[in-house]
Amino acid sequence: MTSRPPALFVLFFFFLPFLLFPLAASHNITRILAQFDDFSTFSSLLTQAQLVSDINSRRTITVLAVDNGAVSSASGRPIDELKKILSLHVVLDYYDDEKLHNLRNHTAILTTLFQATGLATGRNGFLNVTNMGNGQIAFGSAVPGSPLVANFVKVLATRPYNISVIQISSVIVPPSISGGASNHSTSPTAAPVAAPSPANATLTPTLAPSEDAPSPTHTPVASPPGLMSPDGSPAGAPSGNSADAPAGDSSAAERVVAGAGVAIAMAFAMLASLQMS
């Protein structure tokens, strides 16, 4: 007569999917920002806007953080506006110091979490990042005619190629939101030229890379500022349905992990049932 398997053995495989699923989300943005006192307000605003879980659930992401002094322009806004503004500061791809200083064609159009929500109109859900040719990296809305209003300051923390948290100098407000762009604009005066990547003089904490970290994704290519497509959008900007499939989205990977766990649990449950019969 076949002996019954231990109850603990059956319970372990029953809960296996629940043990595997958390592996899909391996970072915590509020925990990362808690290491830096100057970003406590930005972290608090992310929580108020209910963006923390969205950020933590994505596999490949870059957060453009703003320090306490500069983020004041976003404080006090209605929650719906705050969520749109802050979600524009979450890029659905991995960017660190090296990648920013080695942009192909010295500029790129970035897809953000604001675009992924489906609430952005026109190009309001995209960012323009440009190497200004003097070691300076500038950010701004990708809406045609928008100035570059924020500068890259430094990398705060990275876990290649899952998450990168970098500091920018000011808040970027989508033109579609009342109040427009930041007054601290840094409009380029000439077409950017190639420049060697300056050494990063600031030592930044680097998180240990996870074992299942994906390889770097291809950087979207855009033409230098001032060049426009026939439809009036920035040349090289994502068009059509491509904007609906942001790079680095981890939902498919999470479903695979969870599905595999469920299948394993069901198989062992059936095996245990046969052994007990």
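Sequential numbering from 1, following the chain as shown.
The backbone N, Cα and C atoms fix where each Cβ goes, and this holds for glycine too.
Any TrEMBL annotation is an automated prediction that lacks curation.
Quantities reported herein were computed from a predicted structural model and do not represent experimental measurements.
Sequence annotations record features per position, and here TrEMBL assigns signal peptide to 1-26.
Residues or ranges marked as domain 'FAS1' in TrEMBL: 26-173. Model confidence over the domain 'FAS1' (26-173) stands at 96, taken as the mean pLDDT rounded to a whole number.
The feature region 'Disordered' is assigned by TrEMBL to 178-248.
The compositional bias 'Low complexity' feature in TrEMBL is assigned to 185-202 (among others).
What TrEMBL records for 239-248 (among others) is compositional bias 'Low complexity'.
According to DSSP, the domain 'FAS1' (26-173) comprises 46 helix, 42 strand, 60 coil.
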